[in-house]
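Annotated features, as they stand in TrEMBL:
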DOMAIN    19-78  domain 'Potassium channel'
DOMAIN    114-190  domain 'Potassium channel'
TRANSMEM  26-45  transmembrane segment
TRANSMEM  51-71  transmembrane segment
TRANSMEM  101-123  transmembrane segment
TRANSMEM  135-155  transmembrane segment
TRANSMEM  167-190  transmembrane segment
Amino acid sequence: FQGIIEAYKSGVTIQGNTTSLGRWDFSGSFFFSISAITTIGYGNLSPSTVAGRIFCILFALFGIPLNLVLLNEIGQLMLLGVQRCAHHLEEKFHWKIKTALLMKSCALVTGLLLFLLLPPLLFSDKEGWTYEEGFYYSFITLSTIGFGDYVIGMNPDRTYPVWYKNVISLWILFGMAWLALVIKFCINLLE
């Protein structure tokens, strides 16, 4: 047992069994790509060859700016959708409330539900985490802190559905766009 621990500390990993958890299948590769271009960097998965590291650098050099453009576009589309919804509600119910206040409230509540309050229920089911751990993971991931103490799909005792990592990767993209809007709103308030 001590030999295994020493080998692990030296960087030796067991190949060809469940310890790899399908990390480089499509879902694992997609998840790695998303965590690289969003700069989350959980630290649980990294290229191990020189060629892989060089490719990762080039991928990140182009992927990070493209991701920022994508997140901005997603954020603008979310904002447009919320604006349309707020205008529709204002017209339908003849509310005298400022559209901006209604829009920001709708965006905040919808985003809280979709990106911070409901996902921990999925993580509780699929990962066996408590709701608080899932909420923590959600915020740490979407804020791109990415400590790596909680990472989805890594428990060898659990079987994960094929769609799981792909859906979480998309959740990360949309959730980061939403959180960027919230942070921008907070910055505007502070200024």
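Every residue gets a Cβ built from N, Cα and C, even glycine.
As the structure is a computational prediction, the values presented were derived from the model and not from experiment.
Sorting each residue of the domain 'Potassium channel' (19-78) by its DSSP state yields 43 helix, 0 strand, 17 coil.
Residues 78-79, 82-83, 85-86, 89-90, 95, 129, 131-135, 137-139, 142, 152, 171, 174-175, 178-179, 181-182, 185 of the same chain lie 6+ residues outside the transmembrane segment (101-123) yet bring a C-beta within less than 8 angstroms of a C-beta in it. Residues belonging to the domain 'Potassium channel' (19-78) score a mean pLDDT of 87 in the model. Helix, strand and coil counts under DSSP for the domain 'Potassium channel' (114-190) come to 52 helix, 0 strand, 25 coil.
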